[in-house]
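Feature list (source: TrEMBL):
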ACT_SITE  His78  active site, proton acceptor
BINDING   Asp79, Gly82, Asp84, Ser86, Glu98  Ca(2+) 1 binding site
BINDING   Pro173  substrate binding site
BINDING   His203  heme b binding site
BINDING   Thr204, Asp252, Thr255, Asp260  Ca(2+) 2 binding site
DISULFID  Cys47-Cys125  disulfide bond
DISULFID  Cys80-Cys83  disulfide bond
DISULFID  Cys131-Cys329  disulfide bond
DISULFID  Cys210-Cys240  disulfide bond
DOMAIN    37-333  domain 'Plant heme peroxidase family profile'
SIGNAL    1-19  signal peptide
SITE      Arg74  site 'Transition state stabilizer'
Amino acid sequence: MAMNLALFSLFLGVAIVFAIVPTIIGGGYGDEDCGDLLGNDVYKDRCPETEAIIYAGVRLAVFEDPRMAASLLRLHFHDCFGCDASVLLDDNDNFVGEKTAAPNLNSLRGFEVIDAIKQDLEIVCPQTVSCADILAVAARDSVVVSGGPSWDVQMGRKDSFTASKSLANNNIPGPNSTVATLVSKFQNVNLSLKDMVALSGAHTMGKARCTTFTARLQGSTNPNGPEASLEYVQSLQQLCSDSDGNTLANLDLATPATFDNQYYLNLLSGEGLLLSDQNLATGDDQTRELVETYAQDPSAFFEDFKDSMVKMGSLGAVTAMNGEIRRDCRSVN
Ligand code: HEM
Ligand SMILES: *[C@@H]1O[C@H](CO)[C@@H](O)[C@H](O)[C@H]1NC(C)=O
Ligand SMILES: *[C@@H]1O[C@H](CO)[C@@H](O)[C@H](O)[C@H]1NC(C)=O
């Protein structure tokens, strides 16, 4: 505990220096009230420590639980398709939140990490930084601390007043999805086939429950299924054999805590964990071509992933008119 605290103070110290230096060098005033465009400098004057505090919180959380990087990245994805922190709201008298939607229940993690970061931010700059922006920055930082690329996060999202369980159920594709379904679910929110294949590379980190990849357990014995590595399928069958469905497997067997392009290499050798993953290499020529490109060229993957994350992070971002800055990410003010 003492060690964690000391480390945390160190991170915070370093982080604050990083936050303050650019403010001194930089300059210019953002437009504070008109929030209809996302930008890089929205908190520059009002809360220059924002990114440093979020980075410190992510570092600490991932230090304590290496899987947390994956969980925070996924949390932003499930919030997006409308990046408004609706995913963080607990149920209340007016609505049933998104936490119990099929893709989220017993699955999404990291809510306490976001709470802790929000509490730190509330001390330094009360009611200034939105929960939706915290999610977007934490996702970027999770990639960075795992060895992946960095990018400028556009900020200025507002937090929603409500949440929609049914939208979450309808918008987020399931793990048995065909390429056609994946493409159409992403196209619904203006993300292209290329965005979809690049963003799927997030499955280079983290874990999935047996219940999400039962389709893969049939593996090469399923004549209509995608190619599979027999050895891989057998190892999964063994892992899940006496499981209640909640046993976890690494989405990327080889390097589960590193953000790299290994995921695409796995797909080419028939070792995609989810059927939806494996389908990208086997179910469609266009996606197959991108999988091959990213498998061969890690920097092409990093470049496209960054671009697509920025695109995804701007979806349905709520602006000044119909959102707020929550004090507590779990409830509306
Ligand atoms: C293309 C469609 C996608 C499908 C069908 C899909 C499906 C899933 C499923 C079923 C799991 C395991 C959940 C569980 O066992 O509880 C998972 C985990 C994960 N997903 Fe996706 N996903 C998709 C796209 C994405 C995107 C776009 C991102 C982020 C940019 C992402 C990031 C992650 C991460 C990091 C994990 C591991 C989380 C952890 O270990 O806590 N996924 N995904
Ligand atoms: C997608 O783009 C169309 C046309 O530009 C726009 O009307 C729509 O609101 C966008 N949808 C989302 C979810 O951003
Ligand atoms: C996926 O398909 C398998 C059959 O191949 C089925 O048993 C499983 O319930 C499906 N999973 C989901 C999440 O729909």
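Using N, Cα and C of the backbone, Cβ positions are placed for all residues, glycine too.
TrEMBL does not curate its annotations; it predicts them automatically.
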What is the total of other Cβ atoms whose distance to the Cβ of Asp252 (Ca(2+) 2 binding site) is within 10 Å?
27
The predicted model's mean pLDDT over the domain 'Plant heme peroxidase family profile' (37-333) is 92
From the centroid of the CB atoms of Thr204, Asp252, Thr255, Asp260, the recorded Ca(2+) 2 site, which same-chain residues not already listed sit within 8 A by their CB, in sequence order?
Met205, Ala254, Pro256, Thr258, Phe259, Asn261, Gln262, Tyr263
How long is the line from the C-alpha of Cys125 (disulfide bond) to the C-alpha of Glu98 (Ca(2+) 1 binding site), rounded to the nearest angstrom?
28
Quick note, Glu98 (Ca(2+) 1 binding site): same-chain residues at least 6 apart with CB under 8 Å of its CB -> His78, Ser86, Val87, Leu89, Asn104, Ala163, Ser164, Lys165, Leu167, Ala168
Of the recorded positions Cys47, Arg74, Cys80, Gly82, Ser86, Pro173, which ones put their CB under 6 Å from ligand 1?
Arg74, Pro173
Can you check which residues sit near Thr204 (Ca(2+) 2 binding site), meaning Cβ under 8 Å from its Cβ, same chain, 6 or more apart in sequence, and list them in order?
Leu251, Asp252, Thr255, Thr258, Phe259, Asp260, Asn261, Gln262, Tyr263
DSSP-derived class (H/G/I helix, E/B strand, else coil) of Ser86 (Ca(2+) 1 binding site):
helix
Tell me, in order along the sequence, which recorded positions from Arg74, Cys80, Gly82, Asp84, His203, Cys240 have their CA within 10 Å of Cys131 (disulfide bond).
Asp84
